[in-house]
Amino acid sequence: MLRPRRSLGVSSPAKQRKKAAPKNSMATRANRKRLPSYLKPGSAVEISSDEIGFRGSWYMGKVITIPSSSDKDSVKCQVEYTTLFFDKEGTKPLKEVVDMSQLRPPAPPMSEIEKKKKIVVGEEVDAFYNDGWWEGDVTEVLDDGKFSVFFRSSKEQIRFRKDELRFHREWVDGAWKPPLEETEEEEDESEEDKLDDSEDEEDILARVDLETTRAIAKQMFSSGTVVEVSSDEEGFQGCWFAAKVVEPVGEDKFLVEYRDLREKDGIEPLKEETDFLHIRPPPPRDEDIDFAVGDKINAFYNDGWWVGVVIDGMKHGTVGIYFRQSQEKMRFGRQGLRLHKDWVDGTWQLPLKGGKIKREKTVSCNRNVRPKKATEKQAFSIGTPIEVSPEEEGFEDSWFLAKLIEYRGKDKCLVEYDNLKAEDGKEPLREEVNVSRIRPLPLESVMVSPFERHDKVNALYNDGWWVGVIRKVLAKSSYLVLFKNTQELLKFHHSQLRLHQEWIDGKWITSFKSQKV
């Protein structure tokens with residue numbers, strides 16, 4: 001359950017008969033010599049915990065001490081909690097030494113637009129409970145203005161008022177994702193202001209973390225990867241051309257071969273070197289978007305994608321576009337247009353004005369969700385194929401295929417895993433688990449569209465399905481998936497992923513992106 005946090009206990013290590021969760025093998029931002037700007041003595045921060053039962057929660061506090069500049073290997077900070085105390089009287093604030101990766105700046109307060117925004121079923125939120133903010137998913141909007149929130153870590157469902165909730169955000173690469181929605185005053189600009197408010201290449205580069213961008217490019221772009229390449233050549237600034245990587249060159253350059261550009265002989269594809277700041281993956285498709293006046297778009301013209309602005313809506317199948325760089329006005333069909341997106345620190349960012357996509361999350365489920373109760377025995381027959389979520393440390397948010405062998409007492413059962421072996425390495429592993437840790441096999445589904453950033457998925461890894469979030473969309477139907485408990489980022493093919501579903505009160509809550517079979 002989501003219990004009050006009093007003091008930190010040391011839990012016993014997990015048994016090693018299962019393969020552990022993905023462990024963080026990549027250097028974190030905390031390993032850099034330069035400390036994040038928000039880590040200063042006295043600075044307010046939010047603090048997370050690695051302790052079992054508290055993962056997914058954030059507590060307010062302040063920084064007491066930071067790593068010494070003379071100790072290059074130190075990544076530890078001392079913090080003091082605002083709402084947690086050593087004593088029952090609440091007079092001695094709890095102090096603790098934590099890793100820098102467990103700290104982030106305080107989440108931004110909701111904007112006026114977000115305060116008026118409806119919280120819908122399926123929305124990811126943080127709920128203030130037992131002195132901290134806990135990550136959960138809205139499963140029901142109640143008539144009394146309250147919301148039922150399901151917490152995956154504890155398998156609990158609790159009701160909250162709207163003022164006890166905030167929209168969930170992640171602190172990634174020094175920025176909040178998704179970013180804070182703009183205020184009404186900022187959105188109420190005239191169409192003329194929108195047309196004049198363009199970002200040039202220098203504005204985009206100002207938002208780029210060079211080290212992060214270099215590392216991402218080195219990881220993503222190998223030989224054969226489909227990419228887009230831009231140029232600083234006069235007359236071509238801001239235009240992106242389709243290409244593929246021939247081979248990496250040195251630490252931060254790539255030899256690319258263009259798809260539509262030719263050498264002087266007009267036959268062989270043009271090849272040239274480009275650096276990590278001028279290469280990116282192809283942006284995700286947006287066929288279903290209706291363009292509006294003021295939208296910043298890319299138009300395919302003369303073998304490349306050029307930046308323009310919509311000045312006239314759809315008429316007779318075409319849209320009017322204005323190109324600032326050449327001062328030209330032209331009309332294009334829908335197939336030759338796409339919303340403009342910037343590739344910044346490994347994420348796709350939409351323009352702040354015009355062309356803004358708001359993707360409301362919905363789910364297909366019975367909204368009359370009952371208060372949480374233990375899984376009933378009668379739900380599963382002996383021999384039924386099931387999935388089991390182990391209670392051991394290191395296996396949170398993972399599910400393993402098994403079958404039900406027998407029930408033991410009121411709330412226990414014996415299961416036999418399909419892919420996990422006993423200590424002899426031959427016989428299938430059998431284990432006694434709580435009935436609350438088992439569920440039926442998820443609904444088979446057909447994906448209506450490819451996965452997108454922030455989609456919650458299950459990734460097949462080390463014989464089990466692990467809950468993660470799509471962090472980056474790669475070429476060749478591949479994705480980078482972030483596992484929040486370990487902060488590990490791993491690459492998976494589409495065939496190794498399934499859309500995340502929750503088993504709540506005997507029903508599957510599933511995303512609108514799939515169709516049940």
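Just so it is clear, glycine is given a Cβ too, placed from its N, Cα and C backbone atoms.
Keep in mind that what you see is a predicted model, and the values were worked out from it rather than measured.
If you look up Swiss-Prot, you'll see 1-35 (among others) marked as region 'Disordered'.
For the region 'Plant Agenet, chromatin-binding' (37-111), the model's pLDDT averages out at 83. Taken from Swiss-Prot, the feature region 'Plant Agenet, chromatin-binding' covers 37-111 (among others), and the record attributes it to a curator's inference.
The feature region 'Plant Agenet, chromatin-binding' is assigned by Swiss-Prot to 117-173 (among others). Per DSSP, the region 'Plant Agenet, chromatin-binding' (117-173) is made up of 3 helix, 32 strand, 22 coil.
What Swiss-Prot records for 177-202 (among others) is region 'Disordered'.
What Swiss-Prot records for 181-202 is compositional bias 'Acidic residues'.
According to Swiss-Prot, the feature region 'Plant Agenet, chromatin-binding' maps to 219-287 (among others), an assignment based on a curator's inference.
The region 'Plant Agenet, chromatin-binding' feature in Swiss-Prot is assigned to 289-345 (among others); the stated evidence is a curator's inference.
Residues or ranges marked as region 'Plant Agenet, chromatin-binding' in Swiss-Prot (evidence: a curator's inference): 378-446 (among others).
Per Swiss-Prot, the feature region 'Plant Agenet, chromatin-binding' maps to 449-505 (among others); the stated evidence is a curator's inference.
Recorded stretches compared: 117-173, 219-287, 289-345; the one with the most Cβ pairs under 8 Å to the region 'Plant Agenet, chromatin-binding' (449-505) is 219-287. Remark: the region 'Plant Agenet, chromatin-binding' (117-173) contacts the region 'Plant Agenet, chromatin-binding' (37-111), by the rule of 3 or more CB pairs under 8 A. According to DSSP, the secondary structure content of the region 'Plant Agenet, chromatin-binding' (289-345) in residues is 3 helix, 36 strand, 18 coil. Here the region 'Plant Agenet, chromatin-binding' (449-505) has, by DSSP, the following mix of helix, strand and coil residues: 3 helix, 35 strand, 19 coil. Residue counts of the region 'Plant Agenet, chromatin-binding' (219-287) by helix, strand and coil are 5 helix, 34 strand, 30 coil (DSSP-based).
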